[in-house]
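Everything on this sheet refers to the single structure shown next.
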Amino acid sequence: MSSMLENMTNPSRTQQLEAKMAEIKNDPKLMPILEEIEKGGPSAMMKYWNDPEVINKLSDVMGFTLPGGMPFMDGNLNTREEEDEAGEEEEELTVHHTASIGDVEALKALLANGGDKNEKDSEGRTALHFACGYGEVKCAEVLLDAGVPVDAVDKNNNTALHYASGYGRKDCVELLLKHGAGITVQNLDGKTPIDVAKLNDQAEVLKLLEKDAFL
């Protein structure tokens with residue numbers, strides 16, 4: 001997945017992006033957001049992922065896809081639709097989908113019938129990343145009990161703890177820490193879960209992480 005920053009530094013797109021930047025400068029809502037994203041790196045985008053209007057406007061204007069490989073919380077990663085479009089991936093995406101919507105019983109049934117708990121999607125995300133990103137702590141617990149590695153990483157080296165920390169999923173953070181999740185793992189942006197929590201003003205999650213760091 002290409003990021004906004006990658007697009008902005010691609011020489012072949014310089015003229016096109018100059019025009020797009022001029023367009024953003026005329027939008028009083030987008031300009032300060034863009035400045036914050038440029039300063040904070042890809043992880044800074046997470047605080048805006050719950051605002052579909054902002055994301056869609058940025059995507060339309062800049063022509064980039066979301067950095068960090070983490071899911072929209074507004075349901076844009078509709079794995080059920082992906083299953084219809086790619087039938088050969090139906091089983092693996094169903095495991096991801098049940099975890100993301102919190103269907104504990106369906107998830108248990110899939111795993112009991114041979115569903116691959118460690119399957120990754122095209123961005124390297126396991127069902128645990130989805131469960132923690134969406135705050136589905138019971139599904140996250142099922143996956144961990146089934147043996148999914150707590151520190152499995154996606155293509156951007158984000159663990160489930162990065163997801164839970166960035167989105168303020170306190171219960172999931174507690175669960176992951178209980179299972180020994182690493183708080184010093186850095187994603188490709190050089191951010192640890194603590195950094196991501198700070199960047200997204202997740203005060204309660206930050207307290208948990210810092211407490212664990214000093215144990």
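For all residues, glycine too, the Cβ spot is worked out from N, Cα and C.
Over in TrEMBL, the protein carries these features:
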{"type": "DOMAIN", "residues": "11-63", "note": "domain 'STI1/HOP DP'"}
{"type": "REPEAT", "residues": "123-155", "note": "repeat 'ANK'"}
{"type": "REPEAT", "residues": "156-188", "note": "repeat 'ANK'"}
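Secondary structure by DSSP for the repeat 'ANK' (123-155): 16 helix, 0 strand, 17 coil.
Here the repeat 'ANK' (123-155) has long-range neighbours at 1, 69-71, 73, 77, 95-96, 98-104, 107-108, 111, 117, 161, 163-164, 167, 169, 171-172, 175-176, 179-182, 185, 187, meaning same-chain residues at least 6 beyond its ends whose C-beta is under 8 angstroms from one of its own. Averaged across the repeat 'ANK' (156-188), pLDDT for the predicted model comes to 95.
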